[in-house]
Structures are given as structure tokens and as C-alpha cells.
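Asks: Got a structure for you, questions after.
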Amino acid sequence: MALRTLASAKTLGGLSRFQQQIRGLQTFTLPDLAYDYGALEPAISGEIMQLHHQKHHQTYITNYNKALEQLDDAIAKGDASTAVKLQSAIKFNGGGHVNHSIFWKNLTPTREGGGEPPHGSLGRAIDQNFGSMEKLIAKMNAEGAAVQGSGWVWLAVDKELKRLVVETTANQDPLVTKGPTLVPLVGIDVWEHAYYLQYKNVRPDYLKNIWKVINWKYANEVYEKECP
């Protein structure tokens, strides 16, 4: 697998590495991918994947770490006002990191099973909840295309009710903002940076083709863990 550019654990702001360790401040790094950037072509171009991973996801991580450092400093100083102000940056950038970390796992090359429909318990649950895989895809594509501006469309399991649901979230809001019992199985990024270089402004074409590289094996593993 090609070497990836990873975020470093360099000192953030004015805190030294030693100070971070003493105060227990944890930083986050860019996760590696399990496939090469060009491995999802023609569904998603290698250029998009590289920019999306190295630039966009990395930016969320950088800003998330910065906001966490500032929050840690504000708490240490008893600065409640600053701590409150930082919550939106933490939600946005932290959500961007969480969402993209799931997104990369939701994708896999066709030669490694990308696009192959799930069998077993998840396949049965999809039929029970939506009627068929085709109807699920049509529903997610319609809701994903209808997201105004930027956001995500999700297939999730409500682990309390043991049923599948389709949800959308705005911007980088993680799925948990729609309910604490929702666990993401498949999340599709409908921000323009996920498709514009290849599909221009035609989001429905991107949504149609991304199913060719969806990693249903991963989704099934998560589902079986939550609904044994």
C-alpha cells in the first residue's frame, strides 16, 4: 500500500509535548487508508481521494486538535466563557474527523468486494426495513441529493429498537446528534469536495456510482456487533 501522509504529533500552540503528557491532552492523527488512492476508480478518482484524505480530513484534525488544546487551556484557567465558545469548533472539526474516519472504512475497491451486497443478518434487515437493496439505495440517493448545502446521508441501526434507519446530517454533524442510540453503518459524504472534481455539480451521478465501491462487509460487521 502506498505510503500516506500522516498528521504528526508535533507540539501544538504553546504547549510542549511534555506539558501535554503531564496534563493528559490527547491529540488525533490522520488515519491511514486500507487501499491506494486510485483503487476506487472509476467510481471515485484518485485525485479526489488524495485531496479529500490528505487535505480536507487533515484540516479537520488540525483544527480539532487546536480547539481541544484551547479548551484544555481554558479549563485549566477556569475560563468558562472561552470553553463555551469553543464548542462549535469542536463539534464541527471533531465531527469531520469522526465522519471521515467512518467514510474511509465504508469504501473498498471492487476487486476486494466493493459493491457486493450484504448477506446474512444485515441483508435480511435491509429487506425487512426497506423492501430491497434497490429501494434502500434509491431512498439514500434521494435523501442525499436533497441535502441543502453540505452534509451526509447515513444508513444506521438503532441499537435500542434493533431497526435500520436512513438519516441525514448537516455540515459535519456526526450521526449521534440525531440520537444517542444510532450507530452508523454506511455514511456517504455529500460535500462538494467529495465529488466536484469528477462529477462537477451533478451530485446524483456521484451518489449513483459510489455504491460500486461501498464496503458492505464492514457495514455487516458493525451491524452484527450491535445486533447479535
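If you go along the chain as it appears here, the first residue is 1 and each next one adds 1.
Cβ coordinates are placed from backbone N, Cα and C, and glycine is handled just like the others.
According to TrEMBL, the feature domain 'Manganese/iron superoxide dismutase N-terminal' maps to 27-107. Summarising the annotation, TrEMBL assigns Mn(2+) binding site to His52, His100, Asp189, His193. Positions annotated as domain 'Manganese/iron superoxide dismutase C-terminal' by TrEMBL: 118-221.
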Asks: Which residue, of the binding-site residues His52, His100, His193, has its CB surrounded by the fewest other CB atoms within 10 A?
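Replies: Sparsest of the binding-site residues His52, His100, His193 by Cβ contacts within 10 Å: His193.
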Asks: Looking only at the domain 'Manganese/iron superoxide dismutase N-terminal' (27-107), what is the mean pLDDT?
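Replies: Average per-residue pLDDT within the domain 'Manganese/iron superoxide dismutase N-terminal' (27-107): 97.
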Asks: Show, in sequence order, which residues other than His52, His100, Asp189, His193 on the same chain lie with their Cβ within 8 Å of the centre of the Cβ atoms of the Mn(2+) site.
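Replies: Counting only non-site residues, the set is His53, His56, His57, Phe103, Trp191, Ala194.
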Asks: Looking only at Cβ atoms, how many others are within 10 Å of the one on Asp189 (Mn(2+) binding site)?
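Replies: Taking all protein chains shown, Asp189 (Mn(2+) binding site) has 24 Cβ neighbours within 10 Å.
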